[in-house]
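Following: one structure in structure tokens, then a few remarks.
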Amino acid sequence: MPREIITLQLGQCGNQIGFEFWKQLCAEHGISPEGIVEEFATEGTDRKDVFFYQADDEHYIPRAVLLDLEPRVIHSILNSSYAKLYNPENIYLSEHGGGAGNNWASGFSQGEKIHEDIFDIIDREADGSDSLEGFVLCHSIAGGTGSGLGSYLLERLNDRYPKKLVQTYSVFPNQDEMSDVVVQPYNSLLTLKRLTQNADCVVVLDNTALNLIATDRLHIQNPSFSQINQLVSTIMSASTTTLRYPGYMNNDLIGLIASLIPTPRLHFLMTGYTPLTTDQSVASVRKTTVLDVMRRLLQPKNVMVSTGRDRQTNHCYIAILNIIQGEVDPTQVHKSLQRIRERKLANFIPWGPASIQVALSRKSPYLPSAHRVSGLMMANHTSISSLFERTCRQFDKLRKREAFMEQFRKEDIFKDNFDEMDTSREIVQQLIDEYHAATRPDYISWGTQEQ
């Protein structure tokens, strides 16, 4: 009984990474851009219906809802070869099409005005599922639509579907470059509050690290958005392979999440992927083995979140799940795990077991692959707090000077005061404190002393 998942794509970034994700899924399941199963795709052992449903004429349609407050990206999707793939009723563009102007408050208050139309689409999609497991939200936290409308939808999804899982793929802004969005720290922090309180699991896609990986590992001089988005879609599709090619473990979303998130608030995950090569020459000199893949996944340069080195805190892994695809002998997995533990290649929390889980997954039979084995690591690691600290520092600089506040004052939520910002700042600070506490043996009793 497959548990269905509805994908919500929000704003420019969300729709771009969502588009790449569906292109990748179609390729992996042998579905043409029009949604028709290719003639060679006769294996039949994959579960297409977790992410797709079939129309009356048998062609496949993504369980996706495309939302944006300005039309550019969605129009480009509708002018691509994949235009016929989507259900046109599941596309929502705001009528005045002016976007949210990179302003969280504008995205949030537009959410209040249009949420009924959006939830008509989401409810219809949910009613069409036999046993809906949850929602996956793709968005960025820096702009206006993905952050503001995204925050509003996260709150409402919790109210409307309290028992369904909400997982997000959240793109964090590139910290190495000057941003063209001056209010980015405000947008990010206000969204982080909702990601902390209203999501069950957040897969952090950090543009800073993705750019580094593209330049250092893939040798692309100035990586374009579409190249970065391909990296992201690789991660998204790899993290859902066990749902789409089910084995005996981790074949639903809750199974994936439960092994990684032992305590509810610490649910921000980082990912690593290997082997990352675009050129065939490297592929021909390296024999990818399970140990090789698992060891590489633990190297910081393969991790898609750039965290600063923090000398004071002894950061550690809370849990790791490695999804290994390809020709794998299960006994090799056991040996690799032993070797990782013996050599102490990973530093784990002092208050719980060293949890490294491995899920073996088949590769798509329809995609040629240069490597025998590839792996995705999803890790819950306390150093992710440094990403939030960076956002807080930038927020504090602007907040102290009350810079750019007038853009926010226009909206109802900030008309009288900026309490919402200050509460968000406190909640993110509590999250950072809890990640720091999780590195210490007394974490189990953390939070009980303060009451």
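Placement of Cβ uses the backbone N, Cα and C atoms for every residue, glycine included.
Feature annotations, reproduced from Swiss-Prot:
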MOD_RES   Ser131  phosphoserine
BINDING   Ala142, Gly143, Gly144, Thr145, Gly146, Ser147, Gly148  GTP binding site
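Structural mapping of features recorded in Swiss-Prot.
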residue : record           : CB count, 10 Å
Ser131  : phosphoserine    : 9
Ala142  : GTP binding site : 28
Gly143  : GTP binding site : 31
Gly144  : GTP binding site : 28
Thr145  : GTP binding site : 31
Gly146  : GTP binding site : 31
Ser147  : GTP binding site : 35
Gly148  : GTP binding site : 31
Check your understanding: Can you check what DSSP calls Ser131 (phosphoserine), collapsed to helix, strand or coil?
Key -> coil
Review point. Once Ala142, Gly143, Gly144, Thr145, Gly146, Ser147, Gly148 are set aside, which residues in the chain still have Cβ within 8 Å of the Cβ centroid of the GTP site?
Key: Leu10, Gly11, Ala100, Asn102, Asn103, Trp104, Gly107, His139, Ser140, Ile141, Leu149, Gly150, Asn187, Thr191
